[in-house]
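The structure under discussion appears below in the form of C-alpha coordinates.
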Amino acid sequence: MKVLWAALVVTLLAGCGADVEPGPEVQPGPEVQLGKEWATWQASQPWEQALGRFWNYLRWVQTLSEKVQEQLLSSQVTEELTALMDDTMKEVKACKSELEEQLGPVTEETKARVSKELQAAQARLGADMEEVRSRLAQYRGELQAMVGQSTEELRGRLSAHLRKLRKRLLRDAEDLQRRLAVYQAGIREGAARSVNTLREHLGPLAEQAATVHTLVSKPLQERAEAWAQRLRGRLEKAGFPVGDRLDEVREQVQEVRAKVEEQANQVRLQAEAFQGRLKSWFEPLVQDMQQKWAELVEKVQLAVGAVPTSVPSEKQ
(Lines of atoms letter the chains of each structure in order from A and count residues from 1; the text may use other names and numbers.)
(Lines give C-alpha, C1' and ligand atoms only; values in the text may rest on other atoms or scores of the structure.)
Protein backbone atom coordinates (compact mmCIF):
# COMPACT_ATOMS: atom_id res chain seq x y z
CA MET A 1 0.00 0.00 0.00
CA LYS A 2 2.88 2.40 0.75
CA VAL A 3 4.22 1.98 -2.80
CA LEU A 4 0.74 2.56 -4.25
CA TRP A 5 0.20 5.81 -2.37
CA ALA A 6 3.70 7.07 -3.10
CA ALA A 7 3.01 6.62 -6.82
CA LEU A 8 -0.31 8.43 -6.43
CA VAL A 9 1.33 11.43 -4.73
CA VAL A 10 3.96 11.68 -7.48
CA THR A 11 1.20 11.59 -10.11
CA LEU A 12 -0.80 14.31 -8.38
CA LEU A 13 2.24 16.58 -8.02
CA ALA A 14 2.95 16.28 -11.73
CA GLY A 15 0.07 18.67 -12.48
CA CYS A 16 -2.12 18.81 -15.49
CA GLY A 17 0.32 20.14 -18.12
CA ALA A 18 0.74 23.52 -19.73
CA ASP A 19 -1.40 25.47 -22.17
CA VAL A 20 0.14 25.06 -25.60
CA GLU A 21 -0.51 27.03 -28.75
CA PRO A 22 -1.97 25.00 -31.63
CA GLY A 23 0.53 23.53 -34.06
CA PRO A 24 0.23 23.01 -37.80
CA GLU A 25 -2.95 21.69 -39.31
CA VAL A 26 -3.68 18.10 -38.31
CA GLN A 27 -6.24 16.20 -40.33
CA PRO A 28 -8.52 13.94 -38.28
CA GLY A 29 -8.08 10.25 -38.83
CA PRO A 30 -8.45 6.87 -37.16
CA GLU A 31 -5.12 7.18 -35.36
CA VAL A 32 -5.03 9.05 -32.05
CA GLN A 33 -2.51 11.92 -32.37
CA LEU A 34 -2.73 13.80 -29.12
CA GLY A 35 -0.02 16.42 -29.51
CA LYS A 36 2.50 17.76 -27.01
CA GLU A 37 -0.15 18.62 -24.41
CA TRP A 38 -0.89 14.93 -23.92
CA ALA A 39 2.66 13.64 -24.15
CA THR A 40 2.24 11.69 -20.89
CA TRP A 41 -1.28 10.46 -21.67
CA GLN A 42 -1.43 6.65 -21.72
CA ALA A 43 -4.39 5.78 -23.94
CA SER A 44 -4.63 2.08 -23.12
CA GLN A 45 -8.28 1.92 -22.06
CA PRO A 46 -11.11 2.17 -24.63
CA TRP A 47 -12.44 5.38 -23.04
CA GLU A 48 -8.96 6.95 -23.18
CA GLN A 49 -8.63 6.09 -26.87
CA ALA A 50 -12.09 7.50 -27.61
CA LEU A 51 -11.24 10.71 -25.77
CA GLY A 52 -8.00 10.89 -27.75
CA ARG A 53 -9.98 10.88 -31.00
CA PHE A 54 -12.17 13.71 -29.67
CA TRP A 55 -9.03 15.65 -28.69
CA ASN A 56 -7.38 15.04 -32.05
CA TYR A 57 -10.41 16.31 -33.94
CA LEU A 58 -10.61 19.38 -31.69
CA ARG A 59 -6.96 20.22 -32.41
CA TRP A 60 -7.72 20.08 -36.12
CA VAL A 61 -10.78 22.33 -35.69
CA GLN A 62 -8.77 24.87 -33.72
CA THR A 63 -6.42 25.43 -36.66
CA LEU A 64 -9.40 27.27 -38.27
CA SER A 65 -8.04 26.52 -41.71
CA GLU A 66 -10.10 27.23 -44.82
CA LYS A 67 -11.40 23.68 -44.82
CA VAL A 68 -12.37 23.98 -41.16
CA GLN A 69 -14.13 27.28 -41.87
CA GLU A 70 -16.11 25.66 -44.67
CA GLN A 71 -17.22 22.78 -42.46
CA LEU A 72 -18.05 25.13 -39.58
CA LEU A 73 -20.57 26.92 -41.81
CA SER A 74 -22.42 23.62 -42.07
CA SER A 75 -23.35 21.31 -39.21
CA GLN A 76 -20.64 18.79 -40.07
CA VAL A 77 -18.21 19.81 -37.30
CA THR A 78 -20.77 19.81 -34.48
CA GLU A 79 -22.22 16.51 -35.68
CA GLU A 80 -18.77 14.92 -35.72
CA LEU A 81 -17.98 16.25 -32.24
CA THR A 82 -21.32 14.95 -30.98
CA ALA A 83 -20.57 11.45 -32.26
CA LEU A 84 -17.07 11.49 -30.74
CA MET A 85 -18.39 12.81 -27.44
CA ASP A 86 -21.13 10.16 -27.25
CA ASP A 87 -18.60 7.43 -28.00
CA THR A 88 -16.28 8.71 -25.27
CA MET A 89 -18.97 8.93 -22.59
CA LYS A 90 -20.26 5.48 -23.51
CA GLU A 91 -16.80 4.00 -22.93
CA VAL A 92 -16.37 5.97 -19.68
CA LYS A 93 -19.65 4.60 -18.33
CA ALA A 94 -18.67 1.06 -19.32
CA CYS A 95 -15.31 1.41 -17.55
CA LYS A 96 -16.98 2.82 -14.43
CA SER A 97 -19.56 0.01 -14.34
CA GLU A 98 -16.88 -2.64 -14.75
CA LEU A 99 -14.84 -1.18 -11.90
CA GLU A 100 -17.86 -1.02 -9.59
CA GLU A 101 -18.57 -4.70 -10.29
CA GLN A 102 -14.99 -5.56 -9.31
CA LEU A 103 -15.11 -3.79 -5.95
CA GLY A 104 -15.81 -7.11 -4.28
CA PRO A 105 -16.58 -7.49 -0.57
CA VAL A 106 -16.90 -3.85 0.42
CA THR A 107 -19.68 -2.15 2.33
CA GLU A 108 -22.51 -0.44 0.50
CA GLU A 109 -21.36 2.86 1.99
CA THR A 110 -17.89 2.44 0.47
CA LYS A 111 -19.35 1.47 -2.91
CA ALA A 112 -21.58 4.55 -2.83
CA ARG A 113 -18.61 6.82 -2.08
CA VAL A 114 -16.52 5.35 -4.90
CA SER A 115 -19.46 5.64 -7.31
CA LYS A 116 -20.04 9.27 -6.30
CA GLU A 117 -16.39 10.18 -6.86
CA LEU A 118 -16.29 8.59 -10.31
CA GLN A 119 -19.70 9.98 -11.28
CA ALA A 120 -18.58 13.52 -10.46
CA ALA A 121 -15.34 13.15 -12.44
CA GLN A 122 -17.28 11.66 -15.35
CA ALA A 123 -19.79 14.53 -15.26
CA ARG A 124 -17.02 17.14 -15.34
CA LEU A 125 -15.47 15.52 -18.40
CA GLY A 126 -18.84 15.37 -20.16
CA ALA A 127 -19.54 19.03 -19.32
CA ASP A 128 -16.19 20.05 -20.82
CA MET A 129 -16.92 18.32 -24.12
CA GLU A 130 -20.46 19.69 -24.18
CA GLU A 131 -19.14 23.23 -23.74
CA VAL A 132 -16.74 22.73 -26.66
CA ARG A 133 -19.62 21.65 -28.87
CA SER A 134 -21.85 24.52 -27.71
CA ARG A 135 -19.11 27.09 -28.31
CA LEU A 136 -18.53 25.87 -31.85
CA ALA A 137 -22.27 25.92 -32.54
CA GLN A 138 -22.34 29.52 -31.30
CA TYR A 139 -19.38 30.40 -33.52
CA ARG A 140 -21.18 28.88 -36.48
CA GLY A 141 -24.14 31.22 -35.94
CA GLU A 142 -21.85 34.24 -35.56
CA LEU A 143 -19.92 33.24 -38.67
CA GLN A 144 -23.08 32.93 -40.75
CA ALA A 145 -24.20 36.39 -39.60
CA MET A 146 -20.91 37.93 -40.77
CA VAL A 147 -20.74 36.51 -44.28
CA GLY A 148 -18.83 38.95 -46.48
CA GLN A 149 -17.23 40.72 -43.48
CA SER A 150 -13.87 40.30 -41.76
CA THR A 151 -13.97 37.49 -39.24
CA GLU A 152 -10.39 37.83 -37.97
CA GLU A 153 -11.43 39.11 -34.54
CA LEU A 154 -14.11 36.43 -34.27
CA ARG A 155 -11.60 33.69 -35.05
CA GLY A 156 -9.17 35.09 -32.48
CA ARG A 157 -11.77 34.98 -29.71
CA LEU A 158 -12.75 31.43 -30.64
CA SER A 159 -9.14 30.26 -30.71
CA ALA A 160 -8.45 31.71 -27.25
CA HIS A 161 -11.62 30.17 -25.85
CA LEU A 162 -10.84 26.77 -27.31
CA ARG A 163 -7.37 26.84 -25.75
CA LYS A 164 -8.95 27.37 -22.32
CA LEU A 165 -11.44 24.60 -22.94
CA ARG A 166 -8.70 22.23 -24.05
CA LYS A 167 -6.73 22.95 -20.89
CA ARG A 168 -9.78 22.27 -18.72
CA LEU A 169 -10.59 19.13 -20.68
CA LEU A 170 -7.05 17.82 -20.18
CA ARG A 171 -7.18 18.58 -16.44
CA ASP A 172 -10.48 16.79 -15.90
CA ALA A 173 -9.47 13.86 -18.12
CA GLU A 174 -6.30 13.32 -16.09
CA ASP A 175 -8.30 13.59 -12.86
CA LEU A 176 -10.68 10.85 -14.01
CA GLN A 177 -7.77 8.74 -15.22
CA ARG A 178 -6.00 9.05 -11.86
CA ARG A 179 -9.10 8.09 -9.90
CA LEU A 180 -9.77 5.04 -12.07
CA ALA A 181 -6.11 3.98 -11.90
CA VAL A 182 -6.02 4.24 -8.10
CA TYR A 183 -9.19 2.22 -7.62
CA GLN A 184 -8.11 -0.40 -10.17
CA ALA A 185 -4.73 -0.72 -8.44
CA GLY A 186 -6.54 -1.08 -5.12
CA ILE A 187 -8.71 -3.84 -6.57
CA ARG A 188 -5.66 -5.73 -7.85
CA GLU A 189 -3.81 -5.35 -4.56
CA GLY A 190 -6.87 -6.33 -2.55
CA ALA A 191 -7.41 -9.41 -4.73
CA ALA A 192 -3.77 -10.48 -4.37
CA ARG A 193 -3.90 -9.96 -0.60
CA SER A 194 -7.13 -11.93 -0.37
CA VAL A 195 -5.67 -14.85 -2.34
CA ASN A 196 -2.62 -14.97 -0.08
CA THR A 197 -4.79 -14.82 3.03
CA LEU A 198 -7.04 -17.57 1.74
CA ARG A 199 -4.03 -19.73 1.00
CA GLU A 200 -2.74 -19.22 4.53
CA HIS A 201 -6.10 -20.22 5.99
CA LEU A 202 -7.01 -22.99 3.57
CA GLY A 203 -3.59 -24.66 3.57
CA PRO A 204 -3.92 -26.16 7.07
CA LEU A 205 -7.58 -26.95 6.41
CA ALA A 206 -6.73 -28.85 3.24
CA GLU A 207 -4.07 -30.82 5.08
CA GLN A 208 -6.54 -31.61 7.85
CA ALA A 209 -9.16 -32.72 5.33
CA ALA A 210 -6.63 -35.00 3.64
CA THR A 211 -5.72 -36.48 7.02
CA VAL A 212 -9.37 -37.11 7.89
CA HIS A 213 -9.93 -38.77 4.52
CA THR A 214 -6.94 -41.03 5.05
CA LEU A 215 -8.01 -41.99 8.57
CA VAL A 216 -11.52 -42.83 7.40
CA SER A 217 -10.83 -44.57 4.10
CA LYS A 218 -7.82 -46.66 5.12
CA PRO A 219 -9.55 -48.72 7.87
CA LEU A 220 -12.55 -49.33 5.61
CA GLN A 221 -10.36 -50.44 2.75
CA GLU A 222 -8.28 -52.74 4.95
CA ARG A 223 -11.42 -54.19 6.51
CA ALA A 224 -13.02 -54.86 3.12
CA GLU A 225 -9.89 -56.50 1.74
CA ALA A 226 -9.51 -58.74 4.79
CA TRP A 227 -13.15 -59.76 4.64
CA ALA A 228 -12.87 -60.53 0.91
CA GLN A 229 -9.81 -62.71 1.51
CA ARG A 230 -11.54 -64.67 4.25
CA LEU A 231 -14.67 -65.14 2.16
CA ARG A 232 -12.67 -66.29 -0.86
CA GLY A 233 -10.72 -68.80 1.22
CA ARG A 234 -13.81 -70.28 2.77
CA LEU A 235 -15.60 -70.60 -0.57
CA GLU A 236 -12.60 -72.31 -2.12
CA LYS A 237 -12.27 -74.63 0.86
CA ALA A 238 -15.94 -75.50 0.74
CA GLY A 239 -15.86 -76.21 -3.00
CA PHE A 240 -18.44 -73.47 -3.67
CA PRO A 241 -21.26 -74.92 -1.58
CA VAL A 242 -22.22 -71.55 -0.21
CA GLY A 243 -25.65 -72.44 1.15
CA ASP A 244 -24.44 -73.51 4.56
CA ARG A 245 -22.20 -70.44 4.75
CA LEU A 246 -24.93 -67.93 3.90
CA ASP A 247 -25.79 -67.01 7.47
CA GLU A 248 -22.15 -66.40 8.32
CA VAL A 249 -21.64 -64.24 5.22
CA ARG A 250 -24.76 -62.23 6.07
CA GLU A 251 -23.45 -61.57 9.57
CA GLN A 252 -20.14 -60.37 8.18
CA VAL A 253 -21.88 -58.07 5.70
CA GLN A 254 -23.93 -56.55 8.49
CA GLU A 255 -20.79 -56.10 10.55
CA VAL A 256 -19.06 -54.23 7.70
CA ARG A 257 -22.18 -52.11 7.13
CA ALA A 258 -22.26 -51.09 10.76
CA LYS A 259 -18.61 -50.09 10.57
CA VAL A 260 -19.23 -48.02 7.44
CA GLU A 261 -22.15 -46.22 9.08
CA GLU A 262 -20.05 -45.50 12.15
CA GLN A 263 -17.21 -44.08 10.05
CA ALA A 264 -19.66 -42.02 7.95
CA ASN A 265 -21.13 -40.50 11.10
CA GLN A 266 -17.64 -39.55 12.26
CA VAL A 267 -16.94 -37.91 8.90
CA ARG A 268 -20.18 -35.92 9.12
CA LEU A 269 -19.34 -34.64 12.60
CA GLN A 270 -15.84 -33.66 11.51
CA ALA A 271 -17.23 -31.89 8.40
CA GLU A 272 -19.64 -29.87 10.55
CA ALA A 273 -16.79 -28.83 12.83
CA PHE A 274 -14.70 -27.96 9.78
CA GLN A 275 -17.50 -25.79 8.39
CA GLY A 276 -17.82 -23.94 11.70
CA ARG A 277 -14.10 -23.17 11.83
CA LEU A 278 -14.12 -22.07 8.19
CA LYS A 279 -16.95 -19.61 8.85
CA SER A 280 -15.24 -18.23 11.96
CA TRP A 281 -12.05 -17.60 9.93
CA PHE A 282 -13.72 -16.00 6.92
CA GLU A 283 -15.95 -13.52 8.73
CA PRO A 284 -13.00 -11.52 10.17
CA LEU A 285 -11.31 -11.68 6.76
CA VAL A 286 -14.31 -10.12 5.00
CA GLN A 287 -14.60 -7.44 7.67
CA ASP A 288 -10.90 -6.64 7.32
CA MET A 289 -11.22 -6.31 3.52
CA GLN A 290 -14.19 -3.97 3.92
CA GLN A 291 -12.21 -1.81 6.33
CA LYS A 292 -9.20 -1.71 3.98
CA TRP A 293 -11.42 -0.53 1.12
CA ALA A 294 -12.98 2.17 3.26
CA GLU A 295 -9.48 3.40 4.16
CA LEU A 296 -8.48 3.34 0.47
CA VAL A 297 -11.45 5.49 -0.53
CA GLU A 298 -10.67 8.00 2.23
CA LYS A 299 -7.04 8.27 1.10
CA VAL A 300 -8.08 8.82 -2.52
CA GLN A 301 -10.48 11.55 -1.47
CA LEU A 302 -7.76 13.25 0.56
CA ALA A 303 -5.24 12.94 -2.28
CA VAL A 304 -7.48 14.31 -5.02
CA GLY A 305 -9.86 16.24 -2.78
CA ALA A 306 -8.79 19.55 -4.28
CA VAL A 307 -11.11 18.81 -7.23
CA PRO A 308 -14.80 19.43 -6.33
CA THR A 309 -17.17 16.46 -6.46
CA SER A 310 -19.89 18.39 -8.31
CA VAL A 311 -19.88 19.77 -11.83
CA PRO A 312 -18.86 23.47 -11.73
CA SER A 313 -21.48 25.77 -13.14
CA GLU A 314 -19.17 28.73 -13.61
CA LYS A 315 -17.63 28.95 -17.08
CA GLN A 316 -13.90 29.39 -17.09
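Using the three backbone atoms N, Cα and C, a Cβ is placed for every residue, glycine included.
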### Query
Any idea which of 43-55, 277-289 is down as region 'Specificity for association with VLDL' in Swiss-Prot?
277-289
### Task
Return the single residue from the binding-site residues list (Lys167, Arg230) that has the minimum number of other CB atoms within 10 Å.
Arg230
### Query
Counting only residues 6+ apart in the same chain, whose Cβ is under 8 Å from the Cβ of Leu165 (heparin binding site)?
Asp128, Glu131, Val132, Arg135
